[in-house]
Every structure is written in structure tokens, then in C-alpha cells.
Amino acid sequence: MLIYLFEWLSHYFKGLEVFSSYISVRIIMISITSLLITLALGRPMISWLQKMQIGQIVRDDGPQSHFSKRNTPTMGGVLILSSVIISCLLWGDLTSIYLWILILVVIFFGAIGFFDDYLKLVLKHPKGLRAKHKFALQSIFSIVLAIVLFYLLSKNGQMSLSIPFSKSLYIPMGIVIFVVLAFFIINGSSNAVNLTDGLDGLAIVPVVLVAAGLGIYAYIETNSTLANYLLFNYLGNPGLAEVAVFCAAVCGSGLAFLWFNSHPAEVFMGDVGSLTLGAVLGVIAVMVRQELIFFIMGLLFVVEALSVMLQVGSYKLRNGKRIFRMAPIHHHFELKGWPETKVVIRFWIISLILFLIGLAAIKVR
């Protein structure tokens with residue numbers, strides 16, 4: 001909305017056109033806006049969650065250090081998602097179909113996560129939304145979205161899988177391969193981030209780093225000068241540049257949420273936050289044709305999800321024998337005696353290294 005206001009005001013006041021004409025300026029402004037909104041609303045929301053007694057449920061078989069987290073306010077992901085949507089409505093180009101798709105993803109997956117949290121925390125349903133129902137909803141939406149994205153992106157012929165660290169190697173993709181790949185990326189990312197969100201601040205920093213990385217790729221690939229200079233395929237789809245703006249909103253809101261989510265956490269994001277942020281990252285990766293870069297930058301999420309799959313598989317196939325002391329893998333390290341803060345910071349360091357490797361692929365090609 002604001003870009004239209006500044007566009008009109010620029011006819012009367014010189015210099016204001018930078019707020020409507022330059023996407024780099026809007027990236028800065030939306031990140032600041034989402035950060036400030038989250039910081040401003042964080043404390044009132046935490047107080048409201050405490051008043052409504054919407055607190056974290058802690059497993060009895062988990063690390064003993066987690067017992068102190070019991071009843072810590074959760075569903076704080078609503079704060080992140082609201083901030084992102086408001087900021088996008090203020091600073092985004094509302095003619096961009098890609099921006100609206102991302103907002104729709106936030107709303108849909110946010111609704112799934114919210115309903116799951118509501119069942120568990122408010123209605124005291126022990127398992128929340130059944131896994132098969134959750135997966136069915138995610139799957140139907142992901143498949144429909146993948147088909148829509150295929151036809152939108154194929155208008156400019158952007159249907160090749162980009163290979164990192166190569167300037168000329170691209171793998172052509174038809175609709176079947178594209179939809180299958182997008183399905184696994186979106187659903188896998190959504191659930192992997194959800195599994196990672198088990199310690200204070202553990203998930204939000206990798207989410208911010210991956211969002212920042214994908215935002216940088218989106219900015220480069222939708223800028224013809226930068227794309228040609230860095231030997232990327234130019235993504236000239238109208239409105240696709242708004243993906244970078246959206247990523248900036250996620251980064252700003254995520255950093256502000258860390259203010260409240262850092263150890264000892266005052267609030268957790270809950271499924272409403274983690275499921276949605278994971279899905280959003282997957283959709284962005286598909287939009288900017290950087291699925292493999294997303295795999296590199298988000299490898300921490302992949303490892304967390306794989307640890308659960310291996311643990312469950314081992315338990316079923318090896319007569320109750322486990323690979324890890326507890327899954328996801330961050331709990332394994334806790335039970336080995338690592339303090340929670342050490343686990344979190346070391347995982348952040350790993351995520352930062354993966355982020356830098358992903359960025360290196362911009363130039364090392």
C-alpha cells in the first residue's frame with residue numbers, strides 16, 4: 001500500500017520515489033517494519049497467552065532440563081506470521097501474484113498449525129490434529145500449488161533445476177517431475193522445521209539465515225544486470241522480485257521473535273509458526289528455482305528430520321533398538337550431557353556455515 005502512497009507523494013516531494021521505485025529500499029524498510037511490529041506486539045501477546053493459559057506441553061520422557069519449560073506460552077508463531085503479512089501489505093507490490101501466493105501459504109499452513117496447537121493446548125487433545133489429516137491437507141495444497149507454479153513459471157521458460165557451483169548446468173523438468181519435487185520440498189521443509197523447533201531459539205535462527213539466503217538469490221535472479229553479470233538465468237516473471245521483499249519480512253520478524261525466544265524462552269512459536277515457516281521456505285526455493293541451494297542452506301533441517309525417520313525405522317525393524325538416545329537429534333546431544341545453550345549455539349554455527357556455503361555458490365561457479 002505504501003508504495004502507491006509514496007508514488008503519489010513523489011509528484012509533490014522530491015526524493016520519495018526511492019520508496020516506490022527501488023526494491024532494495026523496500027527490502028530494508030519491510031525488514032525494519034516487521035522487526036518493529038514483532039517487538040511491539042511481543043510482550044502484549046505473551047501476557048495474553050499467559051492469561052489464557054496456553055502453555056507448552058513437555059514430555060515426561062524428555063530431558064529433565066525441559067521440565068522448567070512446562071506452561072511457557074506457545075503459539076507465538078501467530079506473532080511472526082501476522083507481522084509478515086502486515087509488513088507485506090504495507091511495503092509489497094500488491095499486483096504481484098507471487099506475493100499473494102506466499103501470503104496464501106502463510107494463511108493456509110498457519111491455519112493447520114493453529115488448529116493443531118488449539119487442539120493440544122486449549123482443548124487438551126493429547127495428539128492434536130491427526131498426522132494423517134495434517135499430511136492430507138498439506139499434500140492437497142502442495143500439489144495444487146505446485147501445478148499453479150509450474151504454469152506461472154513456465155511462461156518464461158524457467159523450468160530447469162539449477163545445479164549449484166555450475167554456471168551452465170541445468171536439468172530440464174517437465175510438469176510431473178516439477179510437481180513431485182515441489183511436493184516433497186514444501187511438505188518436507190514444513191515438517192523438518194517443525195521437528196527442529198525443540199529448543200530455545202534453535203529453529204528461528206536457521207530459518208532467518210535460509211530466508212536471507214533465498215532472498216539474496218531472488219534479488220539477483222530477478223535483476224537482469226546482476227543475473228547476467230553473475231551468469232544466472234534471469235527470472236523475468238512480472239512480480240517475482242517481490243519474493244526478495246517477502247524474505248526480508250521473514251528475516252525482520254524472525255530476528256525480533258528471537259528476542260523473546262532466546263534462552264530462557266519467554267514464548268515458543270508452536271506448530272502455527274514452525275509448520276508455516278518451513279512451508280514458506282520450500283515454496284520460495286521452488287519459485288526462485290534454487291531447490292538444491294535450499295537443500296544446502298537448510299541441511300540442518302534435513303538432518304533433524306532424518307534423525308527422526310532413522311530412529312522410528314530402527315525401532316520398528318530392530319525390535320525396539322534405537323540409534324539415538326532420543327530424536328530429533330538435538331535431544332540426543334542433550335541426553336549426552338550437552339547444555340541446551342551449547343546445543344543451540346553449535347547448531348547455529350553449523351547453520352551459518354551452510355548459509356555461507358550456499359552464498360559461495362553465487363560466485364564460485
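Cβ atoms are placed via backbone N, Cα and C, with glycine included.
Copied from Swiss-Prot, the annotated features are:
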- 22-42: transmembrane segment (TRANSMEM)
- 74-94: transmembrane segment (TRANSMEM)
- 95-115: transmembrane segment (TRANSMEM)
- 134-154: transmembrane segment (TRANSMEM)
- 168-188: transmembrane segment (TRANSMEM)
- 201-221: transmembrane segment (TRANSMEM)
- 240-260: transmembrane segment (TRANSMEM)
- 267-287: transmembrane segment (TRANSMEM)
- 292-312: transmembrane segment (TRANSMEM)
- 342-362: transmembrane segment (TRANSMEM)
Which of 95-115, 168-188, 240-260, 292-312 has the most Cβ pairs closer than 8 Å to the transmembrane segment (201-221)? 240-260
At a threshold of under 8 Å on Cβ distances, which of 74-94, 168-188, 292-312 pairs most often with the transmembrane segment (342-362)? 292-312
Close approaches to the transmembrane segment (74-94) from elsewhere in its chain (Cβ under 8 angstroms; 6 or more beyond its ends): 1-3, 26, 29-30, 33-34, 37-38, 41-42, 45-46, 49, 54-56, 100, 102-103, 106-107, 110, 113-114, 117, 121, 239, 242, 245-246, 249-250, 252-254, 256-257, 260-261, 267-274, 276-277
State the residues, same chain only, that lie 6 or more residues beyond the ends of the transmembrane segment (95-115) and have a CB under 8 A from a CB inside it; answer 'none' if no residue qualifies. 75, 77-78, 81, 84-85, 88, 129, 134, 137-138, 141, 145, 148-149, 152, 190, 237-243, 245-246, 270-276, 279-280, 283-284, 287
